[in-house]
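Per TrEMBL, the features are as follows:
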- 14-48: compositional bias 'Polar residues' (COMPBIAS)
- 56-69: compositional bias 'Polar residues' (COMPBIAS)
- 980-994: compositional bias 'Acidic residues' (COMPBIAS)
- 725-794: domain 'CBS' (DOMAIN)
- 849-909: domain 'CBS' (DOMAIN)
- 1-73: region 'Disordered' (REGION)
- 913-934: region 'Disordered' (REGION)
- 949-1068: region 'Disordered' (REGION)
- 168-188: transmembrane segment (TRANSMEM)
- 219-243: transmembrane segment (TRANSMEM)
- 273-290: transmembrane segment (TRANSMEM)
- 296-313: transmembrane segment (TRANSMEM)
- 334-358: transmembrane segment (TRANSMEM)
- 424-449: transmembrane segment (TRANSMEM)
- 470-490: transmembrane segment (TRANSMEM)
- 579-597: transmembrane segment (TRANSMEM)
């Protein structure tokens, strides 16, 4: 690397980006080639502003594609030149902005920029430009359902049973995700236990208490244990460096980015799952300061996304039936459900797992996802508990007690009796708030230090250097073991507590046996108070926390002493200097380890650091309170729990999910109010200094992550859409030569293309948008020869697309789905075409393009466009002129289910009436759905632009009949004629009983009918509501006189029509 390049910090996996910061290439100017492009159906223009160069790349593929023809940034022929041009344009923008900023150096002159919300310092400008440069490597998902003609035809032909079948599969897959993740958790936990037992068991056998050659035995034990540690770390690092780099880290930033709508190539592959979950077991087994919870989040998302695809790209198969959920929107929900299940089985906390996904994971919340996630987390935790009990004692399964063991509990609930272990005093509330503030400071310090470590790692251990990255994992594991061993070897020896000594009576709570019937005293003394290098009757004070697995030391800090191991006097089991050393060592190692090239989680390390901090604070409070209130006993267990929550909240900035997770895993229900206050203070203080660790790594990676609109910053309120939009677009025609389309796809990296018959002639010129189609769909169409024809303009769509049955149509659409098989590269597609196909074949995209893309006004604020992007999960948003044409208006009462279902019934009745009048007769109930309810005018015609013409002013057949019989009528008469009730004389008593009384939400909601009227006779109440609504509209109730003649034969609309009449066309 030369002196003219600087490295930008990468993500938590250590990825890097090279940016030229001293010698900036000149800006590239391109010429308009509209004449040639128009002949091939292309409309593309060179950008006239460097700030627009980044916009066109926001939704491009991850690797630049090159070929002959137009380039996305001005005629470059290879990826390196393309990237250099992107960097040059970004650098040019940066140069202009720096010049502007430096021209106002005084605080007074820079004040307007601060007020406007713009970047004011060189550092802010540099970071913003570098992040924009990194965004060119990302592609977005489109969560807007495809609304093309063939998809619409398929939806029209779907029967009610198909919708029910799809809903059944949603719930069934959610339960299956829970079962699979339960098995996965059981296997990974078992592997972690085996590796920990092997490593620490061998080390403890080599450690001797006393003897003549103690120094030599220590060295031999250190070297032997270090070799085992390095071997385990090599497996974890090798799985990341040589199998799947995306398996590094916790995976939470990557999953959060994915659920926000950004595609990360390889994130949900099968080998990523194996490398992630297999690697985290070896990472923990090697003694890295890491937890399994973060990788389980990634693993759960992998399981959820893989199962819903009903196939696998890696294994090369997909099922023919069922074939639901092969779209980005449904896959997003199942990935979110999988992440919730991963947290749930990792912590044994189903509610906390679901709340984690709602708060931190998914950006698109919906109640259906919440309910199905609730089922998945429940089934997952139940499965893992069932397997654990079978593994422990399958012969006595019927008598085993469930629900008494906490994931972070040292003893069972019966033994610990948590209702007596956790308490707090009202005067401690400010102290808990101060602990929360301290946790926020420590979390912000951790984030900032980790950013510096990540920057150093990106410079000297880049992600593309596999060997260095592999060695780093081994080096960090060796460093961690060395620190632990040194503290253990230099530990002072303390006498074993009196209740655990030989000859002493039972423990303070008179329990003889603990946890599944094991003898308590011997087990506790051997496992919890190991002597290591201490003489008999003593235990290693430092080794008690340093020379055990990280999760075990965390449990000691939380729960050791709950069953009276420390005697009736409740003497402290941990030396104060031990707590300080443990806090400093774990914090430092956690900062270095997070982001290493191995699967590592942050939850347990952060909780362990916080529990030590809480114990320290509790000891200080106990000392101070002893001077004032001598008879007050401080609960150190409560302080350890509070400190753990404060540390994790300060690092991640989560609130509700942490509160529930800590309560579920520690049994500290009594501490709910202190926990809420502490976590709130930790987040409030931490947010003043930095983002959370996950959001920080997302920003470092440069992903175009869309925050909630409230957190997007003020700049969007001060800019209009036409000031940030890309005016240069490459368009395609609905019918064009295959060779021309291949040339367009090869010449740029655009993710989607507007479809129009008349391309614009200059940038920013309005053109008629007939639809839009994505690159992936175009590549799939060419691969499977869909829409190919000989170029004859008289060719009908049925001849072009070649399907004659519903089954053929469904198979055609299934070929176009991006999941589980991805679209090939354009070069591969071009190579698969014969010379005849390239030269003479045409392609028709009209029936497979997105007919109704989202649009916004050119003079709208950017914040409005941002809300549309964030809320709808869009990939592209097209901009219309300031004054678009309007053909109608809708309210929420128009789209509500009751109204749409009634309107659909009227439409079906009208179609049937037209068939009967034409002599076609009725429709058999067993007829094919597409034949029984055709699309009619919505299908493609030769002049498909006619489809966009308004049909609103054309009278229906029912309306024409009324006009022919009775002449003209008012708008409200037409409303009442179309939706009025049947004549009461023609209704039976049973039909009257089915009517629903209309009860307004408040007085005056619909006429003058309210709760003060006499509602004893519901028939009269309904009639009063009708008359009141009619009187308000200035018309008379005609329901009794006109019967069913005005609605085309559609009868018995029932009481719902009362609401519709009251909210007629004059009452929008």
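Cβ from N, Cα, C; glycine included.
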Mean predicted confidence [pLDDT] for the domain 'CBS' (849-909): 90
Paired segments the transmembrane segment (219-243) and the transmembrane segment (470-490) in contact, 3+ CB pairs under 8 A: yes
Spatial neighbours of the transmembrane segment (334-358) far in sequence, C-beta under 8 Å, 6+ residues away: 173-174, 177-178, 181-182, 184-185, 255, 258-259, 268, 292-293, 296-305, 307-308, 325, 365, 369-370, 372-374, 376-378, 380-381, 383-385, 406-408, 654, 656-657, 660-661, 663-665
Same-chain residues near the transmembrane segment (470-490), Cβ under 8 Å, at least 6 residues beyond its ends: 218, 222, 225-226, 229-230, 232-234, 236-238, 240-242, 286-289, 457, 461, 532-533, 540, 542-543, 546-547, 581, 585, 589, 592-593, 596-598
Number of helical, extended and coil residues in the domain 'CBS' (725-794), per DSSP: 19 helix, 15 strand, 36 coil
The domain 'CBS' (849-909) - residue tally per DSSP class, helix then strand then coil: 28 helix, 8 strand, 25 coil
